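Here is what TrEMBL records for this protein:
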REGION    24-48  region 'Disordered'
TRANSMEM  61-85  transmembrane segment
TRANSMEM  105-125  transmembrane segment
TRANSMEM  137-159  transmembrane segment
TRANSMEM  179-200  transmembrane segment
TRANSMEM  221-245  transmembrane segment
TRANSMEM  265-286  transmembrane segment
């Protein structure tokens with residue numbers, strides 16, 4: 001058998017060097033020209049970069065305004081069980097009013113302390129986020145009010161611990177459970193009246209606000225803010241008392257209903273007028289926070 005021809009040996013180091021050659025020094029691989037590259041779909045939509053909603057200052061602004069609105073609306077319902085005397089609080093002589101054959105002093109629910117903030121938030125959200133913004137937070141607040149009272153009644157129904165019932169005797173409260181139920185367990189007629197009046201008032205407010213805005217344009221901010229509050233609170237002030245105290249078990253006479261409703265409405269209007277400078281101040285602060293161009297764009301979108 002003839003010997004094999006000698007085979008050229010490639011040094012190992014040379015072989016390793018060829019394996020480690022840079023990619024650009026290697027010859028390109030042949031491409032099969034018979035297979036065309038897939039054409040892009042005509043309906044393909046370029047993928048937009050993922051945006052973070054909370055990076056948008058307008059989104060953050062709406063969250064803050066909505067949070068203040070809802071907290072004040074819910075809190076006003078719960079603290080509204082207390083009636084305070086305005087004259088005694090201010091340390092002045094009682095002012096006896098006489099309306100519709102009824103007389104009395106200036107006594108209001110503690111919730112009136114917070115409703116001016118609700119008016120202010122409503123006007124600001126109307127200005128920058130329009131009808132949809134106000135309706136969204138109004139329905140959200142109404143839902144939270146129902147949610148809050150549902151759990152308040154659930155808490156009242158829980159059996160109290162024996163030691164807890166008398167835990168507040170040093171503070172003059174003999175029965176803590178009875179006091180808890182009296183404060184948080186408002187009558188259903190009062191809750192229903194307040195809730196219905198709130199929703200109706202907010203829907204009227206947004207409608208009147210934009211009716212005035214369409215007629216006056218960007219000017220006269222005070223007119224659309226105060227005018228919408230005047231109309232909405234006229235309805236709110238009478239509806240809440242009618243449902244709670246005329247239709248409810250207390251059966252107020254018409255004269256008492258009209259007198260108390262009128263006094264409450266007068267207080268709300270004085271508060272709305274006092275808030276006019278604050279409306280302009282908050283509006284200027286928001287414009288500075290968003291920037292003039294973005295603030296103008298939001299107001300234009302809100303008005304459409």
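Placed from the backbone N, Cα and C atoms, the Cβ positions cover glycine too.
TrEMBL does not curate its annotations; it predicts them automatically.
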Exercise for review: Mind checking which residues of the chain, 6+ beyond the ends of the transmembrane segment (221-245), have their Cβ under 8 Å from one of its Cβ atoms?
Suggested key: 119, 122-123, 126-127, 187, 189-190, 192-194, 196-198, 200-202, 204-206, 208-209, 212-213, 251-252, 257, 260-262, 264-265, 268-269, 272-273, 275-276, 279-280, 283
Exercise for review: Take a look at 105-125, 137-159, 179-200, 265-286 and tell me which one has the most Cβ pairs under 8 Å to the transmembrane segment (61-85).
Suggested key: 105-125
Exercise for review: For the transmembrane segment (105-125), name the stretch out of 137-159, 179-200, 265-286 with the most CB-CB pairs under 8 Å.
Suggested key: 265-286
